[in-house]
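Feature list (source: Swiss-Prot):
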- 1-55: region 'Disordered' (REGION)
- 7-19: compositional bias 'Pro residues' (COMPBIAS)
- 20-29: compositional bias 'Low complexity' (COMPBIAS)
- 58-118: coiled coil (COILED)
- 91-109: compositional bias 'Basic and acidic residues' (COMPBIAS)
- 91-130: region 'Disordered' (REGION)
- 110-130: compositional bias 'Basic residues' (COMPBIAS)
Amino acid sequence: MSSTEPAPAPAPEPAPAPAAAPAAAAAAPKGMRKNGKNWHDVKTPFRPTKGQTSYARRLEERKAMAAIKEKEKEMKEEKEAERQRRIQAIKDRRAAKEEKERYEKMAEKMHRKRVERRKRREKRNKLLNS
């Protein structure tokens, strides 16, 4: 090689991707904060997001929310029905117990056959009235 020939230029290095540059800039702190609270996130300017979602996407989100609400409502109704069933079972047991005690009290005063006749008559009347 002679000294008069120019040296070949080094191959140009590819530039970093433009999408990676802003992310790296946001992540890297820009020196010390004035108030010294370096553990806080860097504040960004307020950008309203009002017109940024498409109408179709909003419709999809509304459908999803409606489905979720429907499922929640169904689950609440099932839970309430189970609760009412338990309450009704307790009431039925208490009523049966009171009726049994009433007949026992009656049996102390009256003859056994007379009490049984009354039981049958009351059952008939109960069936007719219900």
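Backbone N, Cα and C define each Cβ position, glycine as well.
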Inset, instruction - Could you put numbers on the helix, strand and coil content of the compositional bias 'Basic and acidic residues' (91-109), residue by residue per DSSP? - result: 19 helix, 0 strand, 0 coil
Legend entry - pLDDT averaged over the residues of the coiled coil (58-118): 93
Inset, instruction - Give the residue counts of the compositional bias 'Basic residues' (110-130) per reduced DSSP state, in the order helix, strand, coil. - result: 18 helix, 0 strand, 3 coil
